[in-house]
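Enquirer: Got a structure for you, questions after.
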Amino acid sequence: MVSKQAFLFSLGSLYLSLLFIFLLMDVYARPANNSALKVETKEKATDNKDENEILPPDHLNGVKMEMDGHLNKEFHQEVFLGKELEEFDEDSEPRRNRRKLAAIFAKVDRNEDKQISASEMQRWIMEKTEEHFQEAVNENKLHFRAVDPDGDGHVSWDEYKIKFLASKGFNEKEVAEKLKNNEDLKIDEETQEVLDNLKDRWFQADNPPPDQLLNEEEFLSFLHPEHSRGMLKFMVKEIIRDLDQDGDKKLTLSEFISLPVGTVENQQAQDIDDDWVRDRKKEYEEVIDANHDGIVTMEELEEYMDPMNEYNALNEAKQMIAVADENQDHLLSLEEILKYSEYFTGSKLMDYARNVHEEF
């Protein structure tokens, strides 16, 4: 006969088991999303690539400055190699890359005199910049379809907002329902700040007369401000706003070279800081400050940022030649370009001198 103590112990164990089962049932029976904006599973968020398609990129190929005001470290390679930039990497076979570079040299050397002049380099830079422009146009067609599912050729701010939040892992259907019913959206502070900035940019891209809708061309300007004079001005204002410390809507040298917030105090960080200051000081004094009065205005920065400015392209051509022009004849030979390949391609093609004559 079972003792009273054993019976009570068995009853207690059964109770705990049932309680555990009920708790599990409660968890799995709950809605997958208590609030309309609760983040979905990591797998789903990771698989969602829409964010890269619908967010304006920080980096713009062929533009001298990033959206955050940093100098574009790959600008020289982008305007010299165009779409072939990705083919030149550190792991590529040097002999193959030398041949690629020689083929590019032949294309730039329009008069076939075995030398590249400033005017030839200028023409080439404009062609490569146009190549980047066309690439952005082609990509925009795909990105626009992602935010225009009904295919009516126009996208409202709310439609874009839904897609943006979905790209962040929020439930798209529930967000759409909340917006439709004018219900509050519970969004974290960081995401809301991004949305506010995007909204300002959205309405700037809405060409007059404003209808709060973006067509495909306006959406291109939204993603790529370098394609629109009006959006280029907006981009310049944003950069000056972030760098201008005294609120005069102009940039002094000290404002332009100010170190990024949160600099780490160690030797490696100090070396990075030194590079930052040196590069920005050189660019400010030699290029951006066109009249060399020690002040950069919005107009000067706008001209500097314009990738289709032929005068800028000529200046860039002269600078690129000066870097590798060892004999100071204001022209570039194939040997000089190969020797300074790291500047033009981002890859150092080793043993160029030993191989150049036997290959070319």
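From the backbone N, Cα and C atoms, a Cβ is placed for every residue, glycine too.
Straight out of Swiss-Prot:
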- ASP109, ASN111, ASP113, GLN115, GLU120: Ca(2+) 1 binding site (BINDING)
- ASP148, ASP150, ASP152, HIS154, GLU159: Ca(2+) 2 binding site (BINDING)
- 231-266: domain 'EF-hand 3' (DOMAIN)
- ASP244, ASP246, ASP248, LYS250, GLU255: Ca(2+) 3 binding site (BINDING)
- 276-311: domain 'EF-hand 4' (DOMAIN)
- ASP289, ASN291, ASP293, GLU300: Ca(2+) 4 binding site (BINDING)
- 312-347: domain 'EF-hand 5' (DOMAIN)
- ASP325, ASN327, ASP329, GLU336: Ca(2+) 5 binding site (BINDING)
Enquirer: Using only C-alpha positions, which one of ASP150, GLU159, GLU255, ASN291, GLU336 is spatially nearest GLU120 (Ca(2+) 1 binding site)? These are the binding-site residues in the record.
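Expert: Closest candidate to GLU120 (Ca(2+) 1 binding site), judged by Cα separation, is GLU336.
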Enquirer: May I ask for the distance between ASN291 (Ca(2+) 4 binding site) and LYS250 (Ca(2+) 3 binding site), taken between their Cα atoms and rounded to an integer number of Å?
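Expert: Given the Cα positions, ASN291 (Ca(2+) 4 binding site) is 14 Å from LYS250 (Ca(2+) 3 binding site).
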Enquirer: State which of the following binding-site residues has the fewest other Cβ atoms within 10 Å around its Cβ: ASP109, GLU159, ASP246, ASP248, ASP325.
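Expert: Among the binding-site residues ASP109, GLU159, ASP246, ASP248, ASP325, the sparsest Cβ neighbourhood within 10 Å belongs to ASP246.
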Enquirer: How far is it from GLU255 (Ca(2+) 3 binding site) to GLU300 (Ca(2+) 4 binding site), counting Cα to Cα, in Å?
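Expert: Cα of GLU255 (Ca(2+) 3 binding site) to Cα of GLU300 (Ca(2+) 4 binding site) measures 15 Å after rounding.
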Enquirer: Tell me the Cα distance separating ASP293 (Ca(2+) 4 binding site) from ASP329 (Ca(2+) 5 binding site), rounded to the nearest angstrom.
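Expert: Taking the Cα atoms only, ASP329 (Ca(2+) 5 binding site) lies 30 Å from ASP293 (Ca(2+) 4 binding site).
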Enquirer: I'd like to know which of the binding-site residues ASN111, GLN115, ASN291, ASN327 has the most other Cβ atoms within 10 Å of its Cβ.
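Expert: Output for this query is GLN115.
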Enquirer: Nearest to ASP109 (Ca(2+) 1 binding site) by Cα, among ASP150, ASP246, ASP248, ASP293, ASP325 (binding-site residues)?
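Expert: For ASP109 (Ca(2+) 1 binding site), the spatially nearest of the binding-site residues is ASP325.
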Enquirer: Compare the Cα of GLN115 (Ca(2+) 1 binding site) against each of the binding-site residues ASP148, ASP246, ASP248, ASP289, ASN327 and report the nearest.
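Expert: So, of the listed binding-site residues, the one sitting closest to GLN115 (Ca(2+) 1 binding site) is ASN327.
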Enquirer: Please compare the binding-site residues ASP150, ASP244 by how many other CB atoms fall within 10 Å of each one's CB, and tell me which has the fewest.
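Expert: Selected from the binding-site residues ASP150, ASP244 on minimum Cβ neighbours within 10 Å: ASP150.
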Enquirer: What Cα-Cα separation, expressed in whole Å, is found between GLU300 (Ca(2+) 4 binding site) and ASN327 (Ca(2+) 5 binding site)?
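Expert: So the Cα of ASN327 (Ca(2+) 5 binding site) lies 33 Å away from that of GLU300 (Ca(2+) 4 binding site).
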Enquirer: Whole-number answer please: how many Å between the C-alpha atoms of ASP150 (Ca(2+) 2 binding site) and ASN327 (Ca(2+) 5 binding site)?
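Expert: Approximately 61 Å lies between the Cα of ASP150 (Ca(2+) 2 binding site) and that of ASN327 (Ca(2+) 5 binding site).
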Enquirer: For the recorded Ca(2+) 5 site, enumerate neighbouring residues of the same chain (Cβ within 8 Å of the Cβ centroid of ASP325, ASN327, ASP329, GLU336, site residues themselves excluded), in sequence order.
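Expert: Other same-chain residues with Cβ inside the cutoff are ILE321, ALA324, GLU326, GLN328, HIS330, LEU331, LEU332, SER333.
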Enquirer: Far apart in sequence but close in space: which same-chain residues, 6 or more away, have a Cβ under 8 Å from ASP152 (Ca(2+) 2 binding site)?
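Expert: Within the chain, ASP152 (Ca(2+) 2 binding site) has no Cβ neighbours under 8 Å at 6 or more residues' separation.
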Enquirer: Please report how many Å separate the Cα atom of GLU336 (Ca(2+) 5 binding site) from that of ASN111 (Ca(2+) 1 binding site), as a whole number.
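Expert: Counting only the Cα atoms, the answer is 18 Å.
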Enquirer: Would you list the other residues of this chain near Ca(2+) 2 - those whose C-beta lies within 8 angstroms of the C-beta centroid of ASP148, ASP150, ASP152, HIS154, GLU159 - in sequence order?
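Expert: Nearby residues not in the site list: VAL147, PRO149, GLY151, GLY153, VAL155, SER156.
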